[in-house]
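Lifted from TrEMBL, the feature list:
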type     : residues : note
DOMAIN   : 296-359  : domain 'MIR'
DOMAIN   : 370-427  : domain 'MIR'
TRANSMEM : 12-32    : transmembrane segment
TRANSMEM : 68-88    : transmembrane segment
TRANSMEM : 100-120  : transmembrane segment
TRANSMEM : 154-174  : transmembrane segment
TRANSMEM : 186-219  : transmembrane segment
TRANSMEM : 240-261  : transmembrane segment
TRANSMEM : 590-612  : transmembrane segment
TRANSMEM : 624-642  : transmembrane segment
TRANSMEM : 654-674  : transmembrane segment
TRANSMEM : 686-706  : transmembrane segment
Amino acid sequence: MLGLLKNPVVVTVKINMNLVALTVMGLISRLWGLSYPRAVVFDEVYYGQFVSLYMKRIFFVDDSGPPFGHMLLALGGYLGGFDGNFLWNRIGAEYSMNVPVWSLRLLPALAGALCVPLAYQIVVELQFSHCAALGAALLILLENSLITQSRFMLLESILIFFVLLAVLSYLKFYNLQRHRSFSGSWWFWLLLTGVACSCAVGVKYVGLFTYLLLLTIAGLHFWHMIGDQNLSNVSLMCHFLARGLALVIIPVAVYLSFFYVHLTLLYRSGPHDQIMTSAFQASLEGGLARITQGQPLEVAYGSQITLRNVLGKPMQCWLHSHTNTYPIRYENGRGSSHQQQVTCYPFKDVNNWWIVKDPGMQQLVVSNPPRPVRHGHIVQLVHGITTRYLNTHDVAAPLSPHSQEVSCYIDYNISMPAQNLWRVEIVNRESDTDVWKTILSEVRFVHVNTSAVLKANWQDCKFTVIFHFQLSGASLPEWGYRQLEVVGEKLSKGYHQSMVWNVEEHRYGKSQEQKEREVELHSPTQMDISKNLSFMAKFTELQWKILTLKNEDTEHKYSSSALDWITMDTNIAYWLHPTSGAQIHLLGNVVTWASANIAALLYTCLSLWYLVRRRRKIYDIPEDMWQLWVSAGGICVGGWAVNYLPFFLMEKTLFLYHYLPALTFQILLIPIVLQHLGDHLCRSLLLKSMFSALIVAWFSSVYLVYRTFSPVTYGEPSLSVTELKDLRWKDSWNILIRKQ
């Protein structure tokens, strides 16, 4: 043992100075003057609202994607001590002193800076030269659009970082496959691939495209492994299970964890509660929870209840009635029953209360012990204030002539008897003997006489702005106070969530006399049991809302089509100084964008040429070089395609920044194509020298364009009118020039 101490302990560390230098330059380019401008820049007005809600622990739903990216932005605010108190209502608004601007923008900037060394390593792992890798990193470093997007509280730079990290991790794992399978580093890079893919999807759903690309590549690689006779069946099964664990199971678990943290942090009632189910709302602190805490769980004969439509889209509404009747004749000349109106009302009101009555008994109170209502039971629903019975009959609804009118029955002593029996059907029942439960049970009311189902007519209703809801479409005219139409819909027309209701507020009725009952209906509901949703139930509901709730698409001044992106025929003005000509635009490096398009075209043409020639048994390049060429195309061209082409199928407002992930992959292809041309097409020393000189000249032009557009990338220095006009290289670019 003492002999070991005779020699000194020596630790050898290899440092790639290229990586160190690129990382430092990336940090400088993204972090320099990060707090400028100290004003709301473009979509910071959108994401800032969510950061404030995180700081205040208030629940929200964002239909643009999962919560992980929002949580990272909120982490920046938390580290900076942000209290959430700022009104995010206007682009260009000056930040108050309590807003830690530098901290809020830090994580996107760090992500953007780290994309530079990631690009270098990806090209190296693709088995191309360090010179090509350095070129790819410098192109990312000098890309104006990537710099702009990473310097503000936006998500694209974070998305690109995790996408590149996933690609790099998979390439490192694959390169270790041949000699070090199941080693510690092999497992590390495989697991990191899955985690990075999950993070990319967790930031924005477009990250799913790169995840699917890597799954496809991993599947192809495993398919080739199956043909390797040197691998036993047990070894193949172990490889398959390892990939399934790391690339499927762990990403799903990580994705679920994002929602778990999200729902744990946001435990308070907020502006988006109304689009969630009653059970979800009741699980939040405040809001509905204050009202429903301690309600009876089981609905019984004599229960006083409010019925909320489960669809809740674009806004929640409750079954409602009032003393007004349907007009004898509608504007189109059709007649009505002239019965008491029944509607769906979007606000809490005493006229939303109904009493569940046993058709065989007259009492409107809960017996002792209570008699619970079960699936399949026949009930009558008595309006609490007017004591009239919910009714439907073969009369056309006011706005939907093919559906039945729903009313509260008034006896006019004419040949139209009451038809007020309804069968309770619990949609989410576990058995046919299930008890109707407050909040938890989703029920349909099927009319016994006509088999029509009670339905809120949400037809043509629209979801508008994220913090604002508007009722439109099937709302009644002035005589119906613009409330939503309720109809009886034939079961033959199919199932829809608008036919499903749940009990939201509930009490056991005690007063048989009408006057006492009215006082009871006005009193708060507090009794003996609380409701809790499991995490998976809350996750499923929230995930469904994110996927199905869509803002109404509106035309934006800077929106564009996917075709505009390739040639950068569009730009976005992010910020304009209130007094000077200083401004920030999302504009790319023109030389880089054009070079990326040319590189993609050259790669495609060369690949087709090689394929045709190989079909004729003519091999222009060695087999190992061909495999590297194909692998690089699978990553770079494949990454560009999966991150760009799907936008042609999306029905949403598109902006130039949506192209940045695809552009990043295309930029990685440029040095790969250049190296290939230099190695295999420039045969003579003279051609190689001329080609090298052209590359130097080309790269000098990239840097020159970067410097030329730096004032509108960083927002300073302020430019004169003439200088701004000189930057308008395309007529389609909207450079802001103040009127003199």
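Any Cβ shown, glycine's included, is placed from N, Cα and C.
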Region pair the transmembrane segment (590-612) / the transmembrane segment (654-674), three or more CB pairs under 8 Å: yes
PLDDT averaged over the residues of the domain 'MIR' (370-427): 91
The transmembrane segment (154-174) in contact with the transmembrane segment (654-674), cutoff 8 A, at least 3 CB pairs, sep 6+: yes
Secondary structure composition of the domain 'MIR' (296-359) [DSSP: H/G/I, E/B, coil]: 3 helix, 30 strand, 31 coil
Sequence-remote partners of the transmembrane segment (100-120) [C-beta within less than 8 Å, at least six residues beyond its ends]: 18-19, 22-23, 25-27, 29-31, 34-35, 38, 48, 51, 72-73, 75-77, 79-82, 133-134, 136-137, 139-141, 146-147, 149-155, 157-158, 160-161, 164-165, 168, 664, 667-668
Beyond the flanks of the transmembrane segment (240-261) by 6 or more, those residues with Cβ under 8 Å of it: 66-68, 71, 182, 187, 190-191, 193-195, 197-199, 201-202, 211, 214-215, 218, 222, 535, 539, 542-543
Folded-back contacts onto the transmembrane segment (624-642), same chain, C-beta under 8 angstroms, at least six residues removed: 122, 126-128, 163, 167, 171, 209-210, 212-213, 217, 600, 603-604, 607, 610, 614, 661-666, 668-669, 672, 676, 680
